[in-house]
Amino acid sequence: MDTAAPKGIGALNTRESQPVNTQDYNTANAKHCIRENGTGGWSSAFLLLVNQGLATLAFFGVGVNLVLFLTRVLGQDNASAANNVSKWTGTVYLCSLVGAFLSDSYWGRYLTCAVFQVIFVLGLVLLSVSSWLLLLKPAGCGDGKQICVPATSFSSALFYLAVYLVAFGYGGHQPTIATFGADQFDESNPRQRNSKSSFFCYFYFALNTGSLFSNTILVYYEDSGEWTLGFWAATASAVLALVAYLLGSKGYRYIKPSGNPVRRVMQVFIAAAKKWDVKMQEGETLHEVEGSESAIKGSRKIFHTDGFECLDKAAIITDQDRQGPADPWRLCTVTQVEEAKCILRMLPIWLCTIIYSVVFTQMASLFVEQGNVMNSTVGNFHLPPASMSAFDICSVLLCTGIYRQILVPIAGRLSGNPKGLTELQHGHRPYHWNAGNGRRRRNRKGKTQKSHPRRARQPDEHILADPAAPDGVKSLGSSLCMASMSLGNFVSSLLVNMVMGITARNNNPGWIPADLNTGHMDMFYFLIAGLTAADLVVYVACAKWYKCINLEVTDGDHEVGKAKDAGEREEEMVNRV
């Protein structure tokens, strides 16, 4: 079969790398900015870090104590409240897919963040008003001592509408704000490329700082019955976050959306199916646009890789393709095919994170309920149950510092990799038990028993987020981590129901009864620890199977069109996870 590229259709040899024209690419990259007078840089990124910290404070000011609000104010039992919180948290992270899709495909990151933050604020206002006027009757109830008047159907419906607006707004905002912050740095500038990496560290710090404040200050007032004050404080924080975001509007770098990624991926599968009988010979050339720009708006070209050879058929140029204008549902570019391959390669690793998310979600449900029955008085000070999350946050911040300042340099000297560990190697770090495990409670036999608080590990969101995701689906890549959390919450709810259905037979209280002192929380934690161990084995197998995909990059220190060696690619190209 004659595979010479027809006029107007470029070709790529599967054994060679496409040259990169640095000057053309930098010019093309600038074209993707909607507003070229936007300077971006740290001045704009700082406002986004402030926005993230305040928005996180507002969200966790509601979410971290939600399970106690359901039990104390709405009168739900422990298992039902834990399941409702899991479903609500799952919805938060599921909504991230909506925000990421709109951001990458149509609205762009700035507008997406603004719209979902407005929804977030409206939800918090409605929550504050409904709790103040309808639910917290008499005043001061919900402190664990004074019982609230049973809620009416209308007030309960209004409450759930409010909290799910909060879920929708925060979920749609989160994956986009991280990517929008990374957009403020130009990758063609080596100095700003390093700043982008630093931005994610500061972004992670801002997230934990906001969470720490809400887990200590706000929950203290909520636990003492000042729910309205806590909710209004969260609302004020969300309003300040929105104001800080809008203040930087004139200085942001704006990147155009890349179009519908689902449509592009479907085109690859359909084009490959149409050419199922086409045979690809050794040295076959594949379709790629000429020049330095990719056919995907706002995306760099991706080098061809082995694996999923059946999808390469979508880029084979046939006689029918030469007879008329290129049909995107029959002929795709190599970059488009590799984008689809990247998504397929990420799926097994992404699925491995769901079990972790099952464990992670316990911090907002069962762990708070467990803390509620502990003796948490230190002298004359009562430590709110939800404040025990502060131990986790502080330990994560401490371990992050140890990792970056001590472990990375040591691992770098041993491995020769400046990063210390690759994304795949540190993608499943060991779990740790937080500092709250010294508290004790009585078991069903009346003996003193150590309560096992949650163990937690912060998700490696940057693995699936910018800069690791393909250019055309960066926000979607960030949302995959949150989607994992969503599925983890729903699986957690299913797991709790299954455990109670099995262990509460024959008049037994079950592992998670209304009175936790008569249950077996330790057995439930052993169960999820076993699931996590099995998940780790599967993850290691998937990580060994995974193959990296490399982007074309620009580097003024290299000859134009020269491909980097394997070591440089790990540092300066995207390591696909």
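The backbone N, Cα and C atoms fix where each Cβ goes, glycine too.
Transmembrane segment is the annotation TrEMBL gives to one range among 144-167, 480-503, and that range is 480-503. Two recorded stretches are said to be in contact when at least 3 C-beta pairs lie under 8 angstroms, sequence spacing 6 or more; the transmembrane segment (480-503) and the transmembrane segment (347-368) meet this definition. Sequence-remote contacts of a segment are chain residues at least 6 beyond its ends whose Cβ falls under 8 Å from one of its Cβ atoms, and for the transmembrane segment (199-221) they are 45, 48-50, 52-61, 64-65, 178, 181-182, 184-185, 229-230, 233-234, 237, 384, 386-387, 389-390, 393-394, 396-397, 400, 404, 458, 462, 465-466. The largest share of C-beta pairs under 8 angstroms with the transmembrane segment (347-368) comes from 523-542, of the ranges 114-136, 388-407, 523-542. Sequence-remote contacts of a segment are chain residues at least 6 beyond its ends whose Cβ falls under 8 Å from one of its Cβ atoms, and for the transmembrane segment (114-136) they are 55, 58-59, 62, 73-74, 99, 107, 142, 148, 151-152, 154-155, 158-159, 161-173, 176, 227-228, 231-232, 234-235, 238-239, 241-242, 245-246.
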